[in-house]
Amino acid sequence: MEPAPDSPILLFDSGLGGLSVLAELRRELPDAPIIYAADIAGLPYGEKTEAEIAARVAGLLGRMSERFGPRLICIACNTASTIALGMVRNVLHVPIVGTVPAIKPAAAVTQTGTIGLLGTAATIRQAYVDDLEARFAADNRLIRYAAPGLVGAAETKLRGGRPDDAVFADAIAGLRRQPDGENIDTVVLACTHFPLVEEELRAAIGPEVTFIHGAEGIARRIASLTLGQQFQRNGPDRAIATGEIDSALVNTLAQYGLENVAQF
Ligand code: DGL
């Protein structure tokens, strides 16, 4: 059955990282009604256990599906996707698009064969990432580094604050100081928060390294899964958030066209 024209696409993240996906999605599907969901009360996911993340994500997405009847859910969070994608797909009868580390496209562009991967602590230890590495980067060297400080830095920047430059330098140094780290020519930004601080990471790593993230590919995937469907917006796009909604959050969301913010 075709979804109702005003049935939204629900984009879910632990915080503001999914806005990097929202920007690309709007380019692909300018007329699609979107609800942006931020689990601010659960942020950061990267420091939680697998069981905590899976329970939280499945519970919230179940309740959000019932409330908003989305036509599709995008888990715009690498941490939640690499842990809970399979489980959420098993329990919800809605198409679910995940966000997983862009190792395949990175393997296609690296010249040195040495790829860096920045993610949260929870993401970089996932079997899902081992599997992507084995399938798409077996002939390359993949150097992983957990950079949880970048999540807070992106949140600070988006809310109008000034993150500490040392966080960016530390993330890059964490890759470079590992064996072969000096040969890295491509870095996978394996957390949706990280493209939001790409400029700062670029300043820390220099011009010669290519950054790869999945946002464009995810937006294209959502467009192909909703091809031929009708879209109708009954007002500006909405955001929902767990936890406290302060004025900095409201202002940031408004800059992304999310003018109606409610607690969930
Ligand atoms: N944005 C999330 C991701 O893509 C992680 C942020 C967090 O630690 O909550 O992994």
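Placement of Cβ uses the backbone N, Cα and C atoms for every residue, glycine included.
Annotated features, as they stand in TrEMBL:
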type	residues	note
BINDING	D13, S14, Y45, G46, N78, T79, T192, H193	substrate binding site
ACT_SITE	C77	active site, proton donor/acceptor
ACT_SITE	C191	active site, proton donor/acceptor
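Taking the features listed in TrEMBL, we show where each one sits on the structure.
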residue: D13; record: substrate binding site; contacts (Cβ under 8 Å, 6+ apart): L19, V21, A37, A38, D39, I75, A76, C77, A80, T192
residue: S14; record: substrate binding site; contacts (Cβ under 8 Å, 6+ apart): A38, D39, I40, G42, L43, P44, Y45, C77, T79, A80
residue: G46; record: substrate binding site; contacts (Cβ under 8 Å, 6+ apart): T79, G119, T120, A121, A122, T123, A146, P148, V151, C191
residue: N78; record: substrate binding site; contacts (Cβ under 8 Å, 6+ apart): T99, V100, P101, G119, T120, T123, A190, C191, T192
residue: H193; record: substrate binding site; contacts (Cβ under 8 Å, 6+ apart): G15, L16, G17, S20, L150, V151, A154, E155
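The DSSP secondary structure for H193 (substrate binding site) is coil.
When the active-site residues C77, C191 are compared by the number of other CB atoms within 10 angstroms of each CB, C77 has the fewest. Annotation note: D13 (substrate binding site) sits in a strand segment as assigned by DSSP.
Taking the mean position of the Cβ atoms of D13, S14, Y45, G46, N78, T79, T192, H193 as the substrate site, the remaining residues of that chain whose Cβ falls within 8 Å of it are G15, G17, P44, C77, A80, T120, T123, V151, C191. A coil conformation is recorded for C77 (active site, proton donor/acceptor) in the three-state DSSP classification, outside any helix or strand.
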